[in-house]
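S.K.: Sharing the record's features from TrEMBL:
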{"type": "SIGNAL", "residues": "1-23", "note": "signal peptide"}
{"type": "TRANSMEM", "residues": "288-310", "note": "transmembrane segment"}
{"type": "TRANSMEM", "residues": "365-382", "note": "transmembrane segment"}
{"type": "TRANSMEM", "residues": "388-413", "note": "transmembrane segment"}
{"type": "TRANSMEM", "residues": "425-449", "note": "transmembrane segment"}
{"type": "TRANSMEM", "residues": "461-483", "note": "transmembrane segment"}
{"type": "TRANSMEM", "residues": "511-537", "note": "transmembrane segment"}
{"type": "TRANSMEM", "residues": "543-566", "note": "transmembrane segment"}
{"type": "TRANSMEM", "residues": "578-603", "note": "transmembrane segment"}
{"type": "TRANSMEM", "residues": "615-648", "note": "transmembrane segment"}
Amino acid sequence: MEKTSMARLCCLFVIVLATVCDGFYLPGTYMHTYSTGEPILAKVNSLTSIETELPFSYYSLPYCKPPGGIKKSAENLGELLMGDQIDNSPYRFKMNTNESLYLCTTAPLNENEVKLLKQRTRDLYQVNMILDNLPAMRYATQNGIKIQWTGYPVGYASPQSNEDYIINHLKFKVLVHEYEGSGVVLLGTGDETMAVVDEPEKKLNGYEIVGFEVIPCSIKRDPEAMKKLMMYDNVDPINCPVDLEKSQIIREQEQVSFTYEVEFVKSDIRWPSRWDAYLKMEGARVHWFSIMNSLMVIFFLAGIVFVIFLRTVRRDLTRYEELDKEAQAQMNEELSGWKLVVSDVFREPACSKLLCVMVGDGTQILGMAVVTIIFAALGFMSPASRGMLLTGMIILYLFLGIVAGYVGVRLWITIKGTTEGWRAVSWSCSVFFPGIVFVILTALNFVLWGSKSTGAIPISLYFILLSLWFCISVPLTLLGGYLGTKAEPITYPVRTNQIPREIPARKYPSWLLVLGAGTLPFGTLFIELFFILSSIWLGRFYYVFGFLLVVFILLVVVCAEVSVVLTYMHLCVEDWQWWWKAFFASGSVSLYVFMYSINYLIFDLRSLSGPVSAILYLGYSLIMAIAIMLATGTIGFLISFYFVHYLFSSVKID
């Protein structure tokens, strides 16, 4: 019976892992070459908008459906969590064949369809199309400046009238590059199938798709005449844009005819550079200014740390070590500042188990962030593989549970001096942060379910996430905790008295200084945070991971310096309760990150409409702030612990 249960568990694990990794390497990641006249099928993704953060299915609107029915593409874990829903579409191209084709004519629009189309139009929803894994790009000119967008609008409302107009005609421009090569080449049709050709002696000729542009427009056509046509019959081309009186109005009983044109243009762009147009780095000077600003903060704090170590701490310790025993005894009676708390500095802090759990989870998040940013900076996280970044982060987090268990249990043993209770600490590490995220996502998911958005997590994905959590993360965290019990314990350099020393009264609460310390790490982060929030909420590609890596390193340095300075200041005023204050001295940066997110919502996302969108934004921002608090707080605490241990290991006071 046990063997059967274990076999079923192993099978479940394999199925779950296969589901997670499915789509990790998307077909569009590889180069495809097409021969002249070869069919190419475009795909559609979820409808998105900067007005509201609710993605919806493309076919939730009365659009033409493909002849063979709607078929979903394979999606990985990251795509599902981001609300992507990639389906096939009726748009069909033939390589190097310029055409103007008819798709379909809808039935007369009913009241619900008109209401939905107008709502999506006024909320600025975009249709996201994909050809050979390249998103459709649209160019617009505003105030003489050329602006690029991905996707095209569902419709538009003209200021010259009170009517809404639907986009029902698309002019596509496909940029192609002629390819000549030999050897092993990956061939495909843009669909899910690929073939490998290995003919070193034979020259292979074909075309690579290196650009996909779209010009949308609205045109009123005679529905009775269009109904006589079959799908993919030729129609007359259109010069976009057209006058308002010739545009297709959205109103009841209207029949909308959908058509499209395609033009193939040869380009000098090579296949490896085809994403450059999407990943143009904007605001490079601002990124450099952010780094220089962070360096100034680091040098300022480094000067303070230098003074603490070389002029104060080292001077006092050297003078103390040069005295004889009688002079040391006399000096003990005249001790002041941090030396007075020598018998209390390693006293067990309040809520010690919670501190161990938060530090353990912080190391897990920190490790995930370090590995992800380094791999992304080296170019392994290509935007061509949708959802790969988020999928990679989740997998890394799962397997780094062993680090969380090890650090949390080892800190617990150090504080308690015994291994008793390590299982509870390991279990708490495995459920603390994931549990918070799970509760927030569940609450937001009910909101998304109520709105019928594709961003809602399906029930099947819930079971997959729970299986990953309890079949991978929890066992690895318990294993890490077990390894922590076998590691050599950290011993305190001084003994702790049974009776705690009274902390002198202060004119102002020490927590004000701790909360204020978070402004310095935030100063190194907030400029890059603006670009990250813009890429997440305004539908832009964020790919300046090199800058992000530099900013991340500077953030770690500032967090370490701030915590050391604050810990020393508290010890100097005989405040031996430094444990939590060291954690929150750097962890309080999360408070400012969350406040900045609210500021971004109010002033930069003014177009965000409705309470549902605001709730989603604040929920995701809260998850981000909690993760930042655990990661930065862990940095500050571990550095401060090492500093205090080093400082008092040089003191010979009984």
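Heads up, the Cβ atoms here are built off N, Cα and C, so glycines get one too.
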S.K.: When you scan the chain for residues with a C-beta under 8 Å from the transmembrane segment (388-413), skipping those not six or more beyond its ends, what do you find?
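M.R.: Apart from its flanks, the transmembrane segment (388-413) reaches 20-21, 24, 26, 76-78, 81-82, 352-353, 355-357, 359-361, 363-365, 367-368, 371-372, 375-376, 381-382, 419, 421-422, 425-426, 428-430, 468-469, 472-474, 476-485, 487, 489-490.
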S.K.: Determine whether the transmembrane segment (511-537) and the transmembrane segment (425-449) share at least three Cβ pairs under 8 Å, counting only pairs 6 or more apart in sequence.
M.R.: no
S.K.: Short question: which residues 6 or more past the ends of the transmembrane segment (578-603) have a Cβ under 8 Å from it?
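M.R.: Same-chain contacts beyond the flanks: 345, 349-352, 355, 358-359, 510-511, 514-515, 517-519, 521-522, 525-526, 529-530, 533, 537, 558-560, 562-563, 566-567, 570-571, 614, 617-618, 621-622, 624-626, 628-630, 632-637, 640-641, 644.
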S.K.: Please report, as numbers and ranges, the same-chain residues at least 6 past the borders of the transmembrane segment (365-382) whose CB is under 8 Å from any CB of it.
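M.R.: Contacts of the transmembrane segment (365-382) (Cβ under 8 Å, skipping residues fewer than 6 from its ends): 29, 275, 388-389, 392-393, 396-397, 400, 403, 433, 545-546, 548-549, 552, 627, 630-631, 634-635.
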S.K.: Do any residues of this chain, six or more beyond the ends of the transmembrane segment (425-449), have a C-beta under 8 angstroms from a C-beta of it, and if so which?
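M.R.: Contacts with the transmembrane segment (425-449): 54, 353, 356-358, 360-361, 364-365, 401, 404-405, 408-409, 412, 455-457, 465, 469, 473-474, 477-478, 480-482, 612, 615-616, 619-620, 622-623, 626-627, 630.
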